[in-house]
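Lifted from Swiss-Prot, the feature list:
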ACT_SITE  Asp114  active site
ACT_SITE  Asp131  active site
TRANSMEM  10-30  transmembrane segment
TRANSMEM  58-78  transmembrane segment
TRANSMEM  84-104  transmembrane segment
TRANSMEM  122-142  transmembrane segment
Amino acid sequence: MLKTTKKSLLVFMGVFFLIFGVDQAIKYAILEGFRYESLMIDIVLVFNKGVAFSLLSFLEGGLKYLQILLILGLFIFLMRQRELFKNHAIEFGMVFGAGVSNVLDRFVHGGVVDYVYYHYGFDFAIFNFADVMIDVGVGVLLLKQFFFKQKQNKIKA
């Protein structure tokens, strides 16, 4: 059991640092002036003071501390749920790497560095690579849980 947990922690850390590093590298390019415009997608610089769709922006500077508490609380919870952590180390690495990267932005830049603006046919919220990785990580985790439950139900029947 300890070996599996150690392996899962290494996988988690590898994915965490990969996602964190890629996200910060992209944001660095955006902060240095990289821009792109097209009929569908623009790359622009926006500092998001809230969370998804700028929600909770009224919390201003306090939001980053709330997010740190949330991240630490979830990490402590996961360390106590060894089986869950072992089965989803990659997904949790994606979510935590992206989440920590966005929180770092709040401390360094005063808001999350967002830059992808999709506007073909309708306006969509401006987002970043970390946001996508959080969505993908949570989506894969939910799909794996759903199919695992389906498999368990067939075994019981």
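Glycine is no exception: its Cβ is also placed from the backbone N, Cα and C atoms.
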Surrounding CB atoms that lie within 10 Å of the CB of Asp131 (active site), all protein chains: 21
Same-chain residues near the transmembrane segment (84-104), Cβ under 8 Å, at least 6 residues beyond its ends: 4-5, 8-9, 11-20, 23-24, 27, 64, 67-68, 71, 74-75, 78, 112, 128-131, 133-134, 136-138, 140-141, 144, 148
